[in-house]
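Per TrEMBL, these features apply:
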DOMAIN    27-478  domain 'Major facilitator superfamily (MFS) profile'
TRANSMEM  21-40  transmembrane segment
TRANSMEM  82-105  transmembrane segment
TRANSMEM  112-132  transmembrane segment
TRANSMEM  171-192  transmembrane segment
TRANSMEM  204-223  transmembrane segment
TRANSMEM  285-307  transmembrane segment
TRANSMEM  319-343  transmembrane segment
TRANSMEM  355-374  transmembrane segment
TRANSMEM  386-412  transmembrane segment
TRANSMEM  424-448  transmembrane segment
TRANSMEM  454-474  transmembrane segment
Amino acid sequence: MAGGAMTDTDGAHKNYPGKMTIFVFLACLVASSGGLIFGYDIGISGGVTSMDSFLIKFFPSVYAKEKEMVETNQYCKFDSELLTLFTSSLYLAALIASLFASVITRKFGRRITMLGGGVIFLVGAILNGAAADVAMLIIGRILLGIGVGFSNQAVPLYLSEMAPARMRGMLNISFQLMITVGILAANLINYFTDKIAGGWGWRVSLGLAAVPAVIMAGGSLFLPDTPNSLLSRGKENEARAMLRRIRGTDDVGPEYDDLVAASEASKAIENPWRTLLERRYRPQLVMSLLIPTLQQLTGINVVMFYAPVLFKTIGFGGTASLMSAVITGLVNMFATFVSIATVDRLGRRKLLLQGGVQMIFAQFILGTLIAVKFGTAGVANISRGYAIVVVLCICLFVSAFAWSWGPLGWLVPSEIFPLEIRSAAQSVVVVFNMAFTFIIAQIFLMMLCHLKFGLFYFFGAMELIMTGFVFFFLPETKGIPIEEMDRIWGKHWYWRRFVGAGAGGKVEITSTV
């Protein structure tokens with residue numbers, strides 16, 4: 001990829017010439033707005049579903065159950081299949097769309113895929129803001145999901161290919177940072193639109209999703225395509241000129257030669273999906289399946305897009321629940337900066353392990369706090385002080401995720417896939433991320449109703465498993481050129497049985513997507 005590194009056959013490593021240019025910074029800033037549309041939708045959904053006016057219009061049975069006396073089981077009052085379908089339909093649409101987006105990205109370029117995603121998301125936002133019935137709401141959500149699927153497929157690739165190798169990690173995490181900015185913006189908007197007299201504030205919240213869509217679609221019109229994408233479509237002269245522009249130097253010969261060689265090598269693989277299933281790629285296959293799956297099993301999306309509903313369930317008033325969601329959104333955004341500042345210094349494993357342990361403690365403490373007050377009956381009144389402690393526990397959990405599994409769940413897979421299986425493996429990552437986001441969204445309210453406070457123990461147990469997985473099975477990838485990444489599997493106590501202890505000897509063609 002652009003901004004990569006190369007190795008001689010003796011294993012010596014040297015950096016390509018070039019620097020971080022303003023042009024690249026602005027291009028990556030615009031491209032990362034794909035995270036903005038994803039984050040805004042995560043934040044906006046839970047907020048509007050806690051607004052009385054929205055529930056009265058579209059989900060009156062949920063509203064009626066919510067307004068029953070306090071003796072109503074708090075765990076179950078939001079359990080509605082229709083309400084769940086509204087929230088989770090986006091993620092199923094994104095899952096399916098990402099499969100088509102991978103083909104479009106390869107054939108027409110990353111920029112066109114982002115442009116299409118922004119336009120489709122814009123149409124969905126307009127439909128949701130103007131919704132007259134539940135069907136119109138869900139159709140709008142599906143269009144939003146298609147936009148998210150396109151952006152999640154194209155944006156990480158674009159960021160990786162535009163960035164200089166030494167800044168690839170930081171610029172990749174900018175995608176996650178934009179997700180957190182989108183969540184925070186949505187939480188703030190929900191807080192203020194809930195106060196609009198007349199009960200139409202939810203339309204403003206849903207309709208304002210058009211703003212990040214316009215930013216992404218409009219910005220994509222002016223974005224350059226990556227040298228990798230231009231080369232894959234036979235535009236050699238344009239690719240060389242673009243590489244010179246984004247590196248800020250005319251001395252791009254070695255990097256360009258490697259890009260050409262890498263492009264030819266990838267074309268030699270007839271079926272990357274079949275290649276991914278070969279025994280020697282077993283570590284990469286397992287990581288492409290488990291990392292996105294485990295990322296969703298932290299329970300983070302439950303907290304983020306159901307935060308207002310969750311806070312309302314444990315006794316916060318409507319406005320107080322929205323403000324509490326704003327607080328968690330702020331924590332989420334600022335904690336992501338911790339990852340940006342430390343990921344290349346401390347390494348991936350340390351952040352994942354520390355974040356995992358912190359999430360485990362937060363989930364078990366949170367489950368215990370709710371169990372003490374609500375028990376299995378789900379009936380209680382909680383004091384202001386007790387509620388503050390609950391919010392602090394949730395912030396403890398969110399901050400841990402934001403500097404560990406949040407950004408690294410996208411970054412680590414982008415580092416470990418060799419060129420010949422990269423397109424197939426990245427598609428697997430996106431599909432499994434969206435699939436488990438959909439599944440968790442679909443069953444969360446039902447699980448809260450049936451597992452009660454045990455739901456938090458469930459997610460805590462999942463975090464215990466994933467932290468053990470990182471400790472035993474994920475080697476450190478910090479500072480390792482991607483063309484040498486196969487060596488870490490050959491040296492690993494478990495994975496070397498699949499790839500062989502001598503894997504990764506001498507490499508000539510390199511790339512760093």
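Easy rule for this one: first residue shown is 1, then count along the chain.
Here the Cβ of each residue, glycine as well, is placed from N, Cα and C on the backbone.
TrEMBL does not curate its annotations; it predicts them automatically.
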Who are the chain neighbours of the transmembrane segment (454-474) in space, where the CB to CB distance is under 8 Å and they lie at least 6 residues beyond its ends?
286-287, 290, 294, 297-299, 302, 348-349, 352-353, 356-357, 359-360, 363-364, 366-367, 370, 405, 412, 444, 447-448, 492, 494-495
Quick one: find which recorded stretch in 21-40, 112-132, 204-223, 319-343, 386-412 has the most Cβ pairs under 8 Å with the transmembrane segment (355-374).
386-412
Stretch of maximal Cβ-Cβ contact with the transmembrane segment (171-192) [cut-off: under 8 Å; candidates 112-132, 204-223, 319-343]:
319-343
Any residues 6+ beyond the ends of the transmembrane segment (21-40) with a Cβ under 8 Å from its own?
110, 114, 117-118, 121, 144, 147-148, 151-152, 154-155, 158-159, 162-164, 171, 174-186, 208-209, 212-213, 215-216, 219-220, 222-224, 245-248
